[in-house]
Structure formats: C-alpha cells, structure tokens
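Quick notes on the structure that follows.
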Amino acid sequence: MSKITNICCIGAGYVGGPTMAVIAAKCPHIKVTIVDLNVARIAAWNDENLDNLPVYEPGLDKIVGEARGRNLFFTTEVEKAIDEAQMIFISVNTPTKTYGLGKGKAADLKYIELCARQIAAVAKDDKIVVEKSTLPVRTAEAVRSILDNTGNGVKFQILSNPEFLAEGTAMEDLLAPDRVLIGGDTDPEGVAAIDALVEVYANWIPKERILTTNVWSSELSKLTANAFLAQRVSSINAMSELCEKTGADVSEVARAIGMDSRIGPKFLKASVGFGGSCFQKDILNLVYIAKSYGLDEVADYWEQVIIMNDHQKRRFASNMVKTLYNTVSGKKLAFLGWAFKKDTNDTRESAAIYVADDLLYEQAGIAVYDPKVEEEQILADLNYLGTRSKEENAKGVTTFSDPYDACKDAHAIAVLTEWDEFKGYDWQRIYDNMKKPAFVFDGRNVLDGEYLKSIGFVFQTIGK
Ligand code: NAD
Ligand code: UGA
C-alpha cells in the first residue's frame with residue numbers, strides 16, 4: 001500500500017468528528033472526509049458559526065476552523081468518500097441491544113455490518129478498513145467475512161484502532177495520547193497495513209507511544225480499559241458509602257491510597273455515579289461475551305461494577321427524599337448540571353437522568369440548569385426511559401438558562417455535574433432566594449461545604 005493520502009471516516013459523532021479533525025490538522029497532506037447519514041449533524045459540522053458544531057469540546061472549534069475546507073470535509077455522500085479513500089475508519093455507534101438475543105447486554109452491531117456491506121459494495125480497489133468504534137472481541141472476523149464475501153474481488157486489510165479519548169478532554173487526549181493502539185494481522189499484508197496507519201499517527205505522536213498488537217488483543221484491550229476505569233469509580237463509590245457510616249472522609253481516603261504509586265491518584269473521585277455512553281455499554285458487553293464463553297464468574301465479577309453504580313445513583317435520590325422529611329411531592333428541586341461530566345454537552349447515561357427519574361416518581365418538580373444542555377435534550381433523555389408519558393415529564397421538569405432562576409424558591413439544590421462555574425456562584429444570593437431550611441446535595445464533591453454551612457445551608461456530599 002502506498003502512502004496514505006486519502007482517508008474516509010464513517011460516523012461524524014463524538015469520536016469520528018474530533019479524531020478526524022485532529023488527523024486532518026496534523027496531516028495537511030491527507031484529505032480527510034467524514035461522512036454520516038444524519039443530514040442535520042453534517043450540516044452542523046459545516047456550520048459557519050463554529051459555536052454550532054454538534055459536539056462541544058474545548059478546543060475543537062479552533063481545530064475544525066483551521067482544517068475544514070482545506071483537507072477536512074463533512075458530507076453525506078458516503079459512497080463517493082468510500083470510493084476515493086485508501087483507508088476507511090468505521091466510527092459508528094455500537095449501543096447496547098434493545099431487542100432480541102442479548103437484549104440489554106450485547107453490543108448492537110447492525111450499524112457496523114451496514115458499513116462493512118457498504119464498503120464492500122462500493123470498493124473498486126484495495127482498502128484498509130479500520131475499526132475505530134468499540135467492538136466485541138472477534139468482531140474483525142465478522143467484518144472480514146462480510147467484506148470478502150460481498151466485495152468486488154478487491155483486497156481488504158482490517159485493523160483495530162480503538163479510541164481512548166475522554167469527552168471534555170478529547171483534544172488533549174488526541175493531541176498527546178498516552179498511547180495509540182493498532183491491532184492487525186501478523187502476515188506481511190497485515191503488517192504493511194499496520195505500518196500505513198502507524199505512519200499517519202507518527203506525524204504527531206512519538207513512535208514509542210504507538211503500540212501494535214494482534215487484532216484480538218486490540219479489540220479486547222479497549223473493553224478492558226473501560227472496565228478497569230469504571231471499576232475504579234465503583235470501588236471508590238463503594239467506599240464512599242462506608243465513609244458516610246464511619247466518619248471517614250472519602251476524599252482523604254482517595255488521597256491516602258492514591259499516593260501509593262501502585263494505585264495512582266487518577267479516577268478516584270467519588271460521585272453520584274458514572275455516566276457516559278460507554279462505561280455501562282462496554283461492561284455489559286464484556287459480561288455478555290464472558291457468559292457466551294461460559295465464564296460465569298468472570299461475567300459476575302464485572303457485572304458488579306454496574307450494580308454498584310446503579311446503587312450509587314439510586315441512593316443519592318433516596319437520600320434526598322429522606323433528608324427532605326420523607327417527601328418531595330410538590331417541592332421544587334434545582335439540578336445544577338445534566339451532562340454526564342463537565343466540559344461536554346453529552347448527556348448519554350448521565351446520572352442526572354436517573355436521579356431525576358426517581359425524584360419525579362416522588363412527584364417532585366425538577367428545575368434544571370446546565371451551561372451546555374438544552375431542554376429538548378433533557379426531556380428526550382427522560383422520555384427515552386419510558387417511565388411516564390412525555391406530557392408528565394414535560395410537566396415535572398423545567399429548564400432554566402440562568403442558574404439563579406433555577407434555584408429561586410427551591411427547597412434543595414442537587415449538584416449532578418462538576419462544572420467549574422458552580423464553585424464561583426454567589427451562594428449567599430442563592431441562599432437568600434431559597435425556601436428554608438435550604439439544602440444542598442453535592443453529588444460531585446465540588447462545593448466548599450464549610451462555607452455553604454456558614455451561610456446557613458444544610459449541606460451533604462458524597463462520602464463524608
Ligand atoms: P455517536 O452516536 O456520537 O456517533 C455515531 C455516528 O455514526 C452517528 O452520527 C450516526 O448517524 C452515524 N452512523 C451510524 N451508522 C451509520 C452508517 N451506516 N453510515 C453513516 N453514518 C452512520 O457515537 P460516538 O460517541 O462517536 O461513538 C462511536 C463509537 O466510538 C462507539 O463504538 C463508542 O463506543 C466508541 N467510543 C466513544 C467514545 C466517546 O467518548 N463517545 C470514546 C471512545 C470510543
Ligand atoms: C471514558 C474513558 O475515560 C475513555 O478513555 C474512553 O475512551 C471513553 O470512556 C469511551 O470509550 O467512551 P468518558 O466516558 O468520556 O471516557 O469520560 P470519563 O472521564 O471516563 O468519565 C466517565 C464517567 O465517570 C463520568 O460520569 C465521570 O464523571 C465519572 N467519573 C470519572 C467519576 O465519577 N469519578 C472519577 O474519578 C472519574
């Protein structure tokens with residue numbers, strides 16, 4: 001395969017958009033075309049006003065602004081882009097199945113299969129197909145079977161190149177990743193394909209950080225990394241409940257264990273529970289894979305990470321109800337934050353959704369303020385759960401564009417996302433305008449509890 005000068009990426013989402021924008025920015029000699037079936041999403045990527053990009057990530061607007069129209073293109077012309085590219089990344093969504101065998105656990109690979117069939121149908125010359133989406137181990141086998149059996153007799157190489165970026169820090173993660181992982185076949189053609197992708201990344205990433213493995217190791221490493229990360233959060237969250245009973249402080253415990261170089265300080269922040277599109281989905285998928293090989297103990301071990309996380313979300317809501325005199329019916333409860341973490345507009349699997357759902361069940365009125373999430377998204381998240389009618393959700397939830405309005409006349413405030421701006425609010429003003437006693441439930445350990453208590457708030461946080 002000659003030097004790569006033309007790349008196509010199928011899927012212009014949270015991964016496809018930022019990863020390809022960085023490749024285009026760092027490799028001006030490569031034409032990068034991102035395609036998607038979603039017309040509105042492509043239009044938003046092409047919006048002249050960079051504030052309207054469909055993905056909010058600090059620094060993304062600058063990179064897209066630099067490369068778009070030069071060597072970075074967003075289009076719905078999927079076939080043309082596939083035809084022209086030497087290397088095709090598949091970066092489509094792989095959600096948990098909501099039907100059939102493996103419902104609620106297995107990854108739904110229908111979008112992956114559609115991509116493989118489309119590539120096979122269009123390709124008129126040899127292509128390297130790169131799995132960028134997170135996939136069950138051995139998916140490359142299925143992709144190969146489709147490509148080889150439905151193609152036009154051209155040769156395909158399949159690589160696994162999972163993405164490790166975290167939302168909110170995607171640009172830093174892509175510009176200076178801990179590592180890039182590339183899995184491929186070990187025969188000469190496979191090695192040549194791996195080398196072609198290594199050369200792309202080597203334009204800005206030191207070679208010693210580009211790791212190459214066989215395809216199965218690469219596919220499984222991605223699920224393993226997410227499982228380990230989520231497990232750390234569930235582990236510290238489990239300890240947070242014990243801290244609350246014993247007088248220990250979970251932040252002090254985290255600091256004490258994090259200074260052990262074998263444990264390390266990262267990913268030890270107790271919280272209302274992890275969210276995001278991937279941790280739960282990927283662990284459920286891992287559990288499903290383990291079970292399908294008859295490895296019940298392995299499956300049960302990892303499932304516990306999810307069970308703990310569900311418990312953490314539920315106990316946050318039930319603690320609010322208990323503290324508010326066992327009834328929140330008809331009370332205004334203000335939510336600061338709806339996104340699953342700060343610095344993103346992504347709300348998928350956010351803990352806020354589940355806490356709100358439990359409180360709506362108790363007939364609370366929820367007032368939401370999030371700097372980056374719109375009302376339409378908040379209602380869509382609740383409606384997706386199917387707990388009650390759309391009308392009931394719309395009646396129970398009000399969205400505010402001003403945090404002080406959201407908190408006015410509220411009985412309690414719950415901090416669900418760790419947005420930095422929350423720390424700098426005029427908390428005296430918020431207190432003055434709330435019902436008394438005024439409660440704050442900090443689900444992220446971000447506020448200065450002692451200061452809030454000195455104002456008069458009843459303050460509760462996780463793990464203290
Ligand atoms: P997303 O839902 O934001 O984007 C996927 C896009 O693919 C959508 O815009 C959809 O319209 C498009 N698409 C689906 N089928 C298509 C088809 N046949 N042709 C053209 N377009 C199609 O998803 P995402 O968050 O970008 O995640 C994509 C993959 O990356 C998933 O497997 C996920 O697990 C993995 N991943 C995500 C993150 C993250 O932070 N979000 C990080 C690492 C890995
Ligand atoms: C995570 C991984 O960190 C990425 O490496 C991976 O690529 C990605 O999933 C993916 O595969 O999608 P992301 O979900 O974007 O990234 O964000 P994280 O920073 O991992 O946070 C996930 C959730 O855990 C958030 O709700 C966050 O608030 C929570 N969290 C994280 C904690 O509660 N405590 C912590 O100490 C860390």
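Cβ coordinates come from backbone N, Cα and C, glycine included.
Look at TrEMBL and you will find Cys278 tagged as active site, nucleophile. Within the same chain, the residues at least 6 positions away from Cys278 (active site, nucleophile) whose Cβ sits under 8 Å from its Cβ are Thr134, Asn226, listed in sequence order.
Here TrEMBL flags 11-16, Asp36, Arg41, 92-96, 133-134, Glu167, 278-281, Arg348 as NAD(+) binding site. Listed in sequence order, Gly104, Lys105, Ala106, Ala107, Asp108, Gln280, Lys281, Leu284, Asn285 are the same-chain residues six or more apart from Thr96 (NAD(+) binding site) with CB atoms under 8 A from its CB.
According to TrEMBL, the substrate binding site annotation covers 163-167, 222-226, Arg262, 269-275, 340-341, Arg444. Sequence-distant contacts (6 or more apart, same chain, Cβ under 8 Å) of Phe340 (substrate binding site) comprise Glu167, Phe274, Gly275, Gly276, Asp346, Thr347, Arg348, Glu349, Ser350, Ala351, Ala352, Thr417. Secondary structure from DSSP puts Phe340 (substrate binding site) in coil.
According to TrEMBL, the domain 'UDP-glucose/GDP-mannose dehydrogenase C-terminal' annotation covers 334-449.
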Nearest of the binding-site residues (Leu223, Ala270, Gly273) to Gly11 (NAD(+) binding site) - Cα to Cα: Leu223
Rounded Cα separation (Å) that holds between Leu223 (substrate binding site) and Asn93 (NAD(+) binding site): 15
For Asp36 (NAD(+) binding site), nearby residues of its own chain (Cβ under 8 Å, 6 or more apart in sequence): Ile10, Gly11, Ala12, Gly13, Gly16, Ile42, Phe74, Thr76
For Gly273 (substrate binding site): intrachain residues, at least 6 apart, with Cβ closer than 8 Å: Asn237, Asn309, Asp310, Gln312, Lys313, Phe316, Ala351, Tyr354
Distance-selected recorded positions near ligand 1 (C-beta under 6 Å), from Asn93, Glu167, Ala270, Cys278, Gln280: Asn93, Glu167, Cys278
